[in-house]
Amino acid sequence: MNIRCKFLPFSTSKVRHLISARWAHSSDGPEPAYHHVVSGYQIYKHQHEPFKFKYNNKSLNQFQLAYETWGKLNAKKNNAILIFTGLSASSHAKSHEQNPSPGWWEKFIGPNLGIDTNHFFVICCNHLGGCYGSTGPSSINPQTHKPYGASFPMLSVEDFVRAQFQLLKHLGIEKLHASIGSSLGGMCSILSGLLYPENIGRVATISSCIAPYPTAIALRYLQRKMIMTDPSWDHGHYYDTGAYPLEGMRIAREIATLTYRSGPEWLERFGLRRFNDNVQLTPTFEIESYLQYQGLTFAKKYDPNSLLYISKAMDLFNLTEGYDNQREALAKIQCPVLVLGSQTDILFPIWQQKQLAEGLIESGNSSVTFFELNSIFGHDTFLLDINGVSTALKGFLEISALSIEEESHT
């Protein structure tokens, strides 16, 4: 197999020193900068034609997407990069004047950084179905004047991609320089290359897959079950009751946190240290305290119904759906593709990224680059390994940036 495979080393000994030196207390540590975003974004309103969803013959006559931008769109509008987010992220990937809080990819986007705003016009949306400015289950249904709740249409990854390409059309961008995404965003990014091969110059997909494997589906199912069996969920219509499925959300996030990080990191970061010497059935170990903290801090930042809908869309994702075989599907993607993954990822194991890269090559794509990151941070590597991820992205994106700048001046 002729695959360009690159490894970005990050030694365990360096990680051990890094953790012991900088995060002496286990409650501290490298964590993604996710915030409850309520302002600072722009709004695209889709209302000129009904938006048809993939499943159940459902549609919305109108919807809105929250989005943010960085950098400047050139005269030919050929330097745009669309960043697809993960499950629970907002459009706030990077700080700016309207929202100076650090974004969830703060150190990846900006002048001279991995996604260089000296060259590129960068766009990031909150997914359709989300709760940070885009239309979702918590939005008001114009027909009932009440929140959609569980009556919101079922979502697919294809719906996320198609909705954001409506925004691009609105902005007058006919072809992206690149699409980029991680996790769910990686699914969106690679799918965009399949759905819109004439409208994308290159695709970067990080920690994603051709289709989820059963363990990942099972773990997301358990998260949804925790929420839906919380009596306060009230069949998805809790918005006007004064109740909130806090306990279900808390446990769901604890389960999710297990899937986002790695055993090697936690062995170094927590070990078997205890925070409570009074031995009872209640939590004793620091790792238990950490999971509790993660669950509680996230539980009221994000709408439970959005989590249900978007995580289900991830489970239903299959890049080969509608095609006779994998080769036929992947053959649609002939632009340069960067596939990036982490050796310690248990949610999207590294073999899934290898499978995707090899499948693209077998289907005739001669411009596939595969990076395998030796990071200790598991699935969250795409949020925390600034050097590894930025190095891969910068080289991939800027290989043709000079020609774009030359073309924009002709």
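Every residue gets a Cβ built from N, Cα and C, even glycine.
Automatic prediction, not curation, is the source of TrEMBL annotations.
Per TrEMBL, domain 'AB hydrolase-1' is recorded for 79-363. What TrEMBL lists as active site, nucleophile is Ser183. Marked as active site by TrEMBL: Asp345, His379.
Annotated features, which come from TrEMBL, shown on the structure.
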residue: Ser183; record: active site, nucleophile; CB count, 10 Å: 27
residue: Asp345; record: active site; CB count, 10 Å: 26
residue: His379; record: active site; CB count, 10 Å: 24
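A gap of 11 Å separates the Cα atoms of the residue listed as 'active site, nucleophile' and Asp345 (active site). Asp345 (active site) sits 5 Å from His379 (active site), taking the C-alpha atoms as the reference points.
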